[in-house]
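Features reported for this protein in Swiss-Prot:
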BINDING   Arg47, 86-91, 108-111, 181-185  CoA binding site
BINDING   Asp129, Glu181  Mg(2+) binding site
Amino acid sequence: MVFPAKRLCVVPSMEGVRWAFSCGTWLPSRAEWLLAMRSIQPEEKERIGKFVFARDAKAALAGRLMIRKLVAEKLNIPWDHIRLQRTSKGKPVLAKDSLNPYPNFNFNISHQGDYAVLAAEPEVQVGIDIMKTSFPGRGSIPEFFHIMKRKFTKKEWETIRSFNDEWTQLDMFYRHWALKESFIKAIGVGLGFEMQRLEFDVSPLNMDIGQVYKETCLILDGEEEKEWAFEESKIDEHHFVAVAVRKPDGSRHQNVSYQDDSKLSQRKFTILNFNDLVASAIPMTPEDPSFWDCFCFTEEILIRNGTKS
């Protein structure tokens, strides 16, 4: 008897992903905004529709679109079949019953300043954070540092204050902050983690825009943490991005394309535009003009029209 050949399920090969989207320069048209809102899950659409400020709504929406783009294009799951959930700590994750060929698939997003960013790995625990260097809202930089004194170790403060000008000190402050947040987000502990348990030995001190650096080391509870690596980038003059990655225990997935350290250093951020975000999008809800009307009443639209009081 001749048995029919088994049909093989082709699992796509996946490498790590690093994406960024400039929320600050995105001034959405009515058609863009309504399409974007139709392309996310209803509960997320309702949540984003309640934001007071346009900048926050844009950043949150860009983050959701990046996640769905990632899952649709890298895992070959149709856009309208993707189901995202949140952990008890609020971290977005792919629903456990999704047809995911990578059981340890991990992604993380961050948005701050003018960008939303995403990092993803097929088999590696990952966390990402972005920080924009900006002057404190109130008080001087030394006063700001005094308030934040307990967030860093003595050695970290020595590194931060080793520069002559205060702006560069602030730059280094936010670089350290992004590193700590990337690790905390990677391990998924949320608020309450004592930041002084983490000490970063940053290297190099000066970073070029667009390059990726992996020399920085983590000291955790007084001991060097060798299971974690940190990728650092400057997307532009004012935005630092840190990505924390950890190889999981157990065997690697046979279809995962791993790279050695020399190649990992080339894992630069790809800057996406709006058309990139929705290239694979499938609208899931009817168009609702009220979401555009709400968006038009937020602060940023008033600023754009020059009518802010």
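If you go along the chain as it appears here, the first residue is 1 and each next one adds 1.
The backbone N, Cα and C atoms fix where each Cβ goes, glycine too.
The distance from the Cα of His111 (CoA binding site) to the Cα of Asp129 (Mg(2+) binding site) comes to 8 Å.
Here the binding-site residues are Ile109, Ile184, and the one with the most other Cβ atoms within 10 Å of its Cβ is Ile109. Each of the binding-site residues Thr87, Ser182 was assessed for Cβ neighbours inside 10 Å, and the highest tally belongs to Ser182. For Lys89 (CoA binding site), applying a Cβ distance below 8 Å and a minimum sequence separation of six or more within one chain yields Gly188, Val189, Gly190. When Cβ neighbours within 10 Å are tallied across all protein chains shown, the highest count among the binding-site residues Asp129, Glu181 belongs to Asp129.
Less than 8 angstroms from the CB of Arg47 (CoA binding site) sit Ala60, each of them six or more residues away in the same chain. In the three-state DSSP classification, His111 (CoA binding site) falls within a strand. The distance from the Cα of Lys91 (CoA binding site) to the Cα of Asp129 (Mg(2+) binding site) comes to 13 Å. Within the set of binding-site residues Thr87, Ile109, Ser182, Ile184, the entry lying nearest in space to Asp129 (Mg(2+) binding site) is Ser182 (CA atoms). Under the three-state DSSP scheme, Asp129 (Mg(2+) binding site) falls in the strand class.
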